[in-house]
Amino acid sequence: MNYYSIQNSRDSSISSIEIRICSSKSIVKKSSRILPNGNIVGEIKTAQTMNYKTLKPENSGLFCEQTFGPIKDFECACGKKYENEFIGFCAICGIEYASSQVRRNRLGYIKLVSPVVHIWYLKYISILLDIPLKSIESIVYSTDGIIFKNFFQKPKKNQILKKETFEITENLNNTYFKDSINLKYSLHVQKNIISYLKNLKQAVFILKTKQDQQLKYNFSYLYYTLNNFYSLSYSFQWEAKKQWNTIIWFFKYKQRMKENFIKIDPLQKKLNDEYFEKTFLFGTSILYCWLKYFDYNFQLLNLERQIRFTVFEIKEEIKELSGILFSYFFQKQQFISFQKKIKKLNWKKNKVFRRLKLIMYFRQAKLQPKWMILSSLPVLPPDLRPIVELGSNKIAVSDLNKSYQTIILRNLRLKKFYNNSAFNEFTEEIRYTKRLLQESVDELIQQDKSKKNNNISSKSLSDILKGKRGRFRQNLLGKRVDYSGRSVIIVDPELKLHECGIPLKMAIELFYPFIIQYLISFNLTKTIPGAKHIIHTKASFLNEIIHFVLNNYLVLLNRAPTLHKLGIQAFKPKLVTGKAIKLHPLVCPAFNADFDGDQMGMHIPLSFESRAESWKLLWSRNNLLLSSMGSPILTPGQDVVLGCYYLTSNLLDKVKTYIKPCHLNKKGENWSIYFNNLNDVLKAYNQNKVNIHTEIWIKWSENIMFENNSLDLRRLEVYSGKFFRFQYENYQINYNLKGYQLSQYIKTTVGRVIFNSLLY
C-alpha cells in the first residue's frame, strides 16, 4: 500500500509530501503501538465489529478501542474518565485515555498467512520479470501452476562425467546454494563449463491450461526470460561482460509458514525419482521468491547494465537491417519480410525500454520490488469507514467493513488449512482459498469491472478516491460553499461589458438572507417566516426588492480551470428570464469560454474587504489587458466578426429577397427611401418596415469624407421653382435657386445604422 512520508514537520506544518511504495514491515511498524503495560496492539485478528448486545467494539476487531482509541473523549470502555495525568490508560480494559479524534488517523493491520499481490502493481511485476501479464495472473490467482523440472540429475551408469563438473552441477541445484558453493568456483567460471551447463540443463516452465496441456520449452528458448535475473550470490562474478546474458537459474526454498515453498534438495536420496523430477508450484509465493532477489544496490544495477547492452544490440540490428532494406527496394517479397523484422525489433526495443525505465525508477527511489507483494494489509481508521445508526432499528455499514471482514475470514480459513496436516501446498482446497484471499484483497483495493456491471453497489478504495465524486475532487479540492451557484452560460450582446444576467430563481437562492433583511427593513413583514412566505408566493413587489438588492452587490464569475487571474472576474448582476447565466461575448476570451454548454460558478463576496477588492481589482471593466503581455484581452471572436460582416454588408444588388413589395413602384423599380435621422431608421426596423440590408438615404448634417471615385456626378435634378439636386453614387446635395446648400443625404443600409448606433 502507499503511505505519506512527511518530512520536516514542525508545529504541524507540512513542508513536503511524498507518495511511494511501503514495505510490509513499515506497515506493521506504523500500525502497531506499545501500551504502557507492554502489550503490543494493532493487529486485527477477528472479523467482528460491534457486540450486538452491548453495542460496544469487540477486542482485536475492526473497531477495537485498544487499537484505534476510545469512542468517547478521554473515557475508557469501563466508563472511567481521565483524572490522573500520570496514568494514561485503563488498567482493566487497556484502553488509552485520549481524544476520540485519534480514531480518524490510527491504522491497524491484518497479518496475511499467504502473501498477495497489490492489484495496482500487477502490470509492473509483469514488466519487471518480463513474463506475460496473463501468465502472472494465472500464477497469482492459482488457476495455473509451474512445473519445475530439476536441471541436474545424478549421472547414470551410461553417462560419464568428470568429478569437477558433477560437483558444480550438484552445488548449483543445492538448497543452500550460497553456502555450499566453493570459492574456486565462485570467483571464475570456465567458459567451456558454462557452455556445457547451458547445453545440459533443460527447464520446463509450464502453465497448466484448463485442458491440462503441458508445453515444454528448452532452456535455450527460455533463455531471454530466465536470464533476466541476477539471482546469484554477491561473491559470484562473471569472467567477461559478454557473459551477462548467461545467468544460472536456481531456487532456494524454505519450509516456513511465511513462505510456503517446497524444499528441493537434490542431495536428499530419500525422495523417489518421480517426485524429484517434477515439482508443482502455485500462488504468489513464487513471485515473492523471484522478486526478493532484486536488490536496488546490486542486482538491479547489473540488470540495468544487461538491458542497456540488449538495447544496444537491438539498435545495431535495426541499423543493419535498415541498410539492407534499401538494397531490396525493388524486390517486393524481401522488402516486406525485412520490414516485418524491423517492426518486430522496434516493438521489442520499446518493450525493453519500458522495463529499463521501471528498473531505473526502483534504483533511484531505493525501493525493493518485493514490496509490491503484501504480507501485511493495512486497515483504515474506523471513523473513515463508520457504522451509522439511521433510527427505527436500522444501521448503515460502510462497504469497506464488509471487504475487511471477507479478507479476515478467508485468511483464518487458510491458516486453519495450513495447521491441518491433512492438507499440503498442492491440495485443491488451499489453492482455491488462496485465490479467494487474493480476490478479496483486489475487491478492497479496486473492484472488478465485471462486478460493477452486475449492479453491485459496494465501493472499493479506488472508487472512494477517484473520479468526480471521489474524496479528492469532491471533498478536498471541490468543496461546496454557501452563497454560490452554477449554471450554463449563454450569450447576450445587449448586456454591458461589466454586466451579467442572473436568472430569477438563482437570484432568490443566492440573495435569500439579504432579501429577507430588506423585506423586514421596509416594514413589508415583521418576522422571518413571513418574509419566507412572501418569497415563496412570489409577490408582485418581490422583483423590485430583488432589483434593489442586486444594485448594491457584485457577483464573482469563475470558470474552471482557473489558469490565471482573469479566470475570476466581478460583474454587476442583472435580473433576466430563463435558467442560464447571460454573458457579454467580449469577456469570454479571458475565461477561455464559449457557448457550447460551458458552465460557470457564481459567488457572492460577503466581507467588506472582499467587496472592496471586487470593485477595485476584479471588476471586468478594469481587466482589459493581459497581465503577461499587455495585449488587449477583449478581442472579438469569430461569431462577433461574422455578425458584424453580416450586419454591414450590402446584399441588395445580389439578393432580391431583401426588397419589400411596398418599396417597388409601378414599373417594378426600387423606390428611394429617405429618413430624417437615425432614430426614424431604428423605429422603421423595429416595426418590420425595412430589413437589415435595405438601402436607404438618410439626412446627415455632419462633415462627410468620400473617396475620389465616389464623387463622379451621376445626374442633376432640377425641381421647378424650388431647388435643384446634385446626385452622386452614395451622396446627394440639395441647393436652393440662390445657390445655398439646403441639405445633404448619404446612402447606407439599415444594418450599418444599427452598427453605428452601437458604437456611438
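Each Cβ is built from the backbone N, Cα and C atoms, and glycine gets one as well.
Here's what Swiss-Prot has on this protein:
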BINDING   Cys76, Cys78, Cys90, Cys93  Zn(2+) binding site
BINDING   Asp594, Asp596, Asp598  Mg(2+) binding site
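Taking the binding-site residues Asp594, Asp596, Asp598 in turn, the residue surrounded by the fewest other Cβ atoms inside 10 Å of its Cβ turns out to be Asp596. Other than the site residues Asp594, Asp596, Asp598, same-chain residues with C-beta atoms no more than 8 angstroms from the centre of those residues' C-beta atoms, the Mg(2+) site, are Ile489, Ala593, Phe595, Gly597. Remark: of the binding-site residues Cys76, Cys90, Cys93, the most isolated position is Cys93 (fewest other Cβ atoms within 10 Å of its Cβ). Secondary structure at Asp594 (Mg(2+) binding site), as computed by DSSP, is coil. Rounded to a whole number, the distance between the Cα atoms of Cys93 (Zn(2+) binding site) and Asp598 (Mg(2+) binding site) is 59 Å. In this structure, the CA atom of Cys93 (Zn(2+) binding site) is 64 Å away from the CA atom of Asp596 (Mg(2+) binding site). Long-range Cβ neighbours of Cys78 (Zn(2+) binding site) (same chain, at least 6 residues apart, Cβ-Cβ under 8 Å): Cys90, Ile92, Cys93. It is 60 Å from the Cα atom of Asp594 (Mg(2+) binding site) to that of Cys76 (Zn(2+) binding site). The CA atom of Cys76 (Zn(2+) binding site) is located 60 Å away from the CA atom of Asp596 (Mg(2+) binding site). Each of Ala77, Gly79, Lys80, Phe89, Ala91, Ile92, Gly94, Ile95 belongs to the same chain as Cys76, Cys78, Cys90, Cys93, is absent from that list, and has a C-beta within 8 angstroms of the C-beta centroid marking the Zn(2+) site.
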